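Annotated region 'Disordered' per TrEMBL: 1-38, 539-560, in sequence order. The transmembrane segment feature in TrEMBL is assigned to 46-66, 86-103, 115-138, 144-164, 171-196, 202-222, 249-267, 273-289, 309-327, 375-396, 402-424, 518-538 (among others). As annotated by TrEMBL, domain 'Major facilitator superfamily (MFS) profile' applies to 49-509. Annotated compositional bias 'Basic and acidic residues' per TrEMBL: 547-560, in sequence order.
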Amino acid sequence: MAASRDFEAEPVLEAASHDEQTPLLGRDSGESTSPAPPVSVSFRRGLVICLAMGALIFIQAMNMTMMTTAQSEIATDLNAFEETTWFNSAFMIAASSVTPVAGRLAQIFTPRNYVLFSCVLLAIGLFITAAAPSLAIFLLGRAISGTGAGGLMVTGIILTLDLVNQKRRGVFIGIVNFGMTIGVSLGAVLSGLIVPKLGWRIIFWVQAPTGLVLGSILFIAIPSHPQSEYESGTTKTAVLLQRLKSIDYAGGLTLAISIFLLLFSLASPRIPITPIMLSFVFFAAFWIIESRFAAEPIVPTEVLKARGVSLTCLAALLAMTARWAVLFYTPVYAMVVRSWSPATAGLILTPTNAGFGFGGLLVGWLHIRHGESYYWSNVIVYFCFALANLLLFALSTQTSHTAAYIIAMFVDGFAIGASMNYTFAHILYLTKPEVHYIVTALVGMSRGFAGSFGSAMGGGFFQRELKAGLQDGFARHGLSNREGLIHRLLGSPALVGTLSGAEREVAMQSYEHAIKMLLLGGFAIMLVASVAQAGTGWKAPEAPPFEEDHPAEEENLHRD
């Protein structure tokens, strides 16, 4: 619902010192400050780019969720039962670490070249993962593939901004998000169908050459220089060297190290304090570099200081962290507590992903039509998502009705899907048009980080709760010398189905308790996210005098 403009929030970035050309999704500082017109491409070429990019993002998203139904086989094959949280964390941490610099790299080397590089890196990582003889090599492959995948979503948005006019950008960004949604939804299902019959390695062997083919197709289909500014090879070389010199290497490196150390600590079975402290040290160094020394910072601190922007990013990070916990662990609940097969367990994500897509589509089609405040709409859907997590917590038992659980999953997805659109619409209302590219990228980056936080924090928390439950449960039943069984149960949910008697009862109860605590934690996180979103305010920045004479133009800017 649209809110009044009377709420006293700070005018965001009255005069940003870095315009939309500098960070993340920006243009080069040497170009005009106004966005360049989209490059004209034929319908066929545009369709090829759209489909190929969507397929790549599908692969990226599938790699995030397919571990939920494949981890038992992988853990058994590699004897890595206590390290299963790293199966996803290695991929997600690497992807999150490269995301902040992906936009700048695409800006320097052009999206056409960067997407090919990303696909080659993704394919190399997938090949290594498929052939991995040990856990260390497997995790190396996952990290390399995550590094390649980390820039794909950003590149997809950059291509949309470069090649699509403003009226159709929303549609094509929706297609990019659709590829992500389908990949997340089908990842667990496909791995659950394929792994029991053909083994886990085949899912990586198939993806690796597919990524290379899609990267080659995009390299051919994307125009050579969407915003060409070169008149000769000499000029091109000189400009390229100048761009390489202008990269904020120190800022990008300190930010990546800070993220890595924090997520590494949170994903560990026992949280180490030293890496967390070092993470804050590196983030402080990043802040100093960005605010005082970087000519073209990765993330301008002026934007981060704006209350509406920083609280929106925090709320988005927390909300998607809770969301990823649902995506990662509800299939485990279905497999262990409900005794569903791996393939069927993956289907439990279908209603929540259907709700996710339907929620975003419905509010975008019926409600978000003008450049106005969506303050209360944001707060309400955030609170609804918190209640949906609480409902899932209550229903995650052996005896709850399946239909009720499916409905709760749909509501959970619908609420967070609606919040995705409301958040973007509201943050564009709160900020001036000249910083829209920046804040859009920051919100997207925060949501991307949430995958790592959901995997690392949720995985570490789940493992600790599960291990404690198994140890206490076996002790209560007088079952001693079960350390080996606990070791295997931590990494193989499918093993529960092979147990009997007291061992099976303890294992099911421990998994149920760990999942319920994770969902309860998601509810608590969403309450904090709702408060953060409520703190963004609903007052738009003051419009310059020349904009008052062109109200229709201002409204169109907000709509875009």
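Counting starts with 1 at the first residue shown.
Each residue, glycine too, has its Cβ placed from N, Cα and C.
Through the fold, the transmembrane segment (309-327) approaches residues 12-13, 64-65, 68, 184, 303, 349, 352, 382, 385, 389, 392, 409, 412, 416, 419, 423, 426-427, 430-431, 439, 442-443, 445-447, 449-451, 453-455, 457-458, 518-519, 521-523, 525-526, 528-530, 532-533, 535-536 of its own chain, all at least 6 residues removed from its boundaries and within a Cβ separation under 8 Å.
Cβ atoms under 8 Å from those of the transmembrane segment (249-267) belong to residues 85-86, 89, 92-93, 96-98, 100-101, 104, 273, 275-276, 278-280, 282-283, 285-286, 289-290, 293-294, 297-299, 449, 452-453, 455-457, 459-460 of the same chain, restricted to positions at least 6 beyond its ends.
Over the domain 'Major facilitator superfamily (MFS) profile' (49-509), the average per-residue pLDDT in this prediction is 81. Remark: the transmembrane segment (86-103) makes no contact with the transmembrane segment (375-396), by the rule of 3 or more CB pairs under 8 A. Counted over residue pairs separated by six or more positions, the transmembrane segment (202-222) shares fewer than 3 Cβ pairs under 8 angstroms with the transmembrane segment (402-424), which leaves the two as not touching. Across the candidate stretches 115-138, 144-164, 402-424, the maximum count of CB pairs under 8 A to the transmembrane segment (46-66) is reached by 144-164. Same-chain residues lying 6+ beyond the ends of the transmembrane segment (115-138) with a Cβ under 8 Å from its Cβ atoms: 53, 56, 59-60, 74, 78-80, 83, 87, 102, 106, 109, 144-152, 155, 159, 201-202, 204-205, 207-209, 211-212, 214-216, 218-219, 222.
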